Amino acid sequence: MGQLSVLGFIALGGAFGACSRYLISELCVMLLGRGFPYGTLTVNVVGSFIMGLLIAAFETELMVTDPWRQIIGLGFLGALTTFSTFSMDNVLLMQQGAFFKMGLNVLLNVVLSISAAWIGFQLLMRS
């Protein structure tokens, strides 16, 4: 497969991931308000869960073709999850003096995202 094909697969997944991140973030704002970065937390936890499933699928040979790795792993999940927005959310909380919310955001993103990845991985590895 040529480099152009690889880039095309990544771009396709990235387009869906970016649109999904926007829609999930907007839904979180509608449902929960703007007082906490729920959207960023949600996309990071969901993306980590899907990545756990994806890695287990590759290890168990359920889905090992390169196009799927590129579409889902690099493209979709790369665009869905966001470390830069997570970082900026924390800078803004710090500027507002909302240190408790900032600490909670860091803790929740790290603990829930790692837990979600582990749960996703375990779900497929045990089946």
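Including glycine, each Cβ sits where the backbone N, Cα and C put it.
If you check Swiss-Prot, you get these features:
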{"type": "BINDING", "residues": "G78, T81", "note": "Na(+) binding site"}
{"type": "TRANSMEM", "residues": "4-24", "note": "transmembrane segment"}
{"type": "TRANSMEM", "residues": "38-58", "note": "transmembrane segment"}
{"type": "TRANSMEM", "residues": "71-91", "note": "transmembrane segment"}
{"type": "TRANSMEM", "residues": "104-124", "note": "transmembrane segment"}
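On its own chain, T81 (Na(+) binding site) has R21, V43, N44, G47, S48 as residues at least 6 apart in sequence with a Cβ closer than 8 Å to its own Cβ. Long-range contacts of the transmembrane segment (38-58) within the same chain, counting only residues at least 6 positions beyond its ends with a Cβ under 8 Å from a Cβ of the stretch, are 20-21, 24-29, 32, 64, 69, 72-73, 76-77, 80-82, 85-86, 89, 105, 108-109, 112-114, 116-125. The list of residues near the transmembrane segment (71-91) in space but at least 6 beyond its ends in sequence, with Cβ under 8 angstroms from a Cβ of it, reads 9-18, 20-21, 37, 40, 43-44, 46-48, 50-51, 54, 102, 105-106, 109.
G78 (Na(+) binding site) falls within a helix when secondary structure is assigned with DSSP. Proximity of G78 (Na(+) binding site) to non-local residues of its own chain (separation of 6 or more, Cβ distance below 8 Å) is seen for I10, G13, G14, G17, given in sequence order.
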